[in-house]
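Remarks on the structure that follows.
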Amino acid sequence: MALPLIKPKESEESHLALLSKIHVSKNWKLPPRLPHRAAQRRKRVHRLHEDYETEENDEELQKKKRQNRDAQRAYRERKNNKLQVLEETIESLSKVVKNYETKLNRLQNELQAKESENHALKQKLETLTLKQASVPAQDPILQNLIENFKPMKAIPIKYNTAIKRHQHSTELPSSVKCGFCNDNTTCVCKELETDHRKSDDGVATEQKDMSMPHAECNNKDNPNGLCSNCTNIDKSCIDIRSIIH
């Protein structure tokens with residue numbers, strides 16, 4: 001049995017030297033290196049993520065736009081409502097102002113009329129005051145009594161003997177002194193008493209004459225000397241001539 005021939009292992013240097021000596025008859029172009037699939041997958045995921053974020057951003061943007069439109073619409077509505085309320089308020093206040101102006105003008109005219117009337121009344125009062133000052137004042141009660149005076153029927157006066165008796169009973173005797181006078185002076189009290197007695201006698205005589213019945217008296221037997229006609233002024237039996245004389 002023959003043994004194989006074992007040759008020594010060639011070194012790498014010799015192998016490289018051999019390769020460098022090889023000459024290629026054609027120029028070959030190596031194709032570009034293709035990207036790795038993982039890198040492509042990452043790029044695709046990144047692109048999808050960007051697209052998703054763009055869509056989300058678009059939705060948020062649209063939502064914000066809708067909110068802005070709604071807010072602007074609500075603001076315009078509130079503004080229009082407020083303007084309408086203000087216009088109505090201005091209109092009502094204008095009516096109130098016109099009413100007050102009309103009332104003010106009317107009151108001013110009334111005030112002028114009252115002032116004119118007051119001035120005229122003051123002048124009239126001054127005139128009447130001057131007239132009343134020139135005329136003597138008269139009591140209104142007395143004036144009323146004079147205007148409404150009604151004469152009364154005459155009543156016969158009866159002589160009262162009791163009064164005369166009382167007067168004679170009150171007379172002081174001549175011997176009694178008043179206590180203020182003496183024998184050497186004139187007593188004033190006695191003189192006054194004498195004058196008073198004379199006046200009482202005159203009144204009694206006049207009353208007696210007035211009570212005397214007329215010749216045509218129907219009741220001469222009456223102790224008073226009067227009849228039913230004596231008390232009637234229209235049918236009196238008293239002689240007026242005796243009273244006058």
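From the backbone N, Cα and C atoms, a Cβ is placed for every residue, glycine too.
Predicted, not measured: the structure shown is a model, and the values here were computed from it.
The feature compositional bias 'Basic residues' is assigned by Swiss-Prot to 34-47.
Taken from Swiss-Prot, the feature compositional bias 'Basic and acidic residues' applies to 68-77. Long-range contacts of the compositional bias 'Basic and acidic residues' (68-77) within its own chain (CB-CB distance under 8 A, at least 6 residues past either end) are absent; none are counted.
Broken down with DSSP, the domain 'bZIP' (58-121) shows 64 helix, 0 strand, 0 coil. The annotation domain 'bZIP' is assigned in Swiss-Prot to 58-121.
Per Swiss-Prot, region 'Disordered' is recorded for 34-77.
According to Swiss-Prot, the region 'Basic motif' annotation covers 63-82.
Annotation comment: Swiss-Prot describes 86-114 as region 'Leucine-zipper', evidence class sequence analysis.
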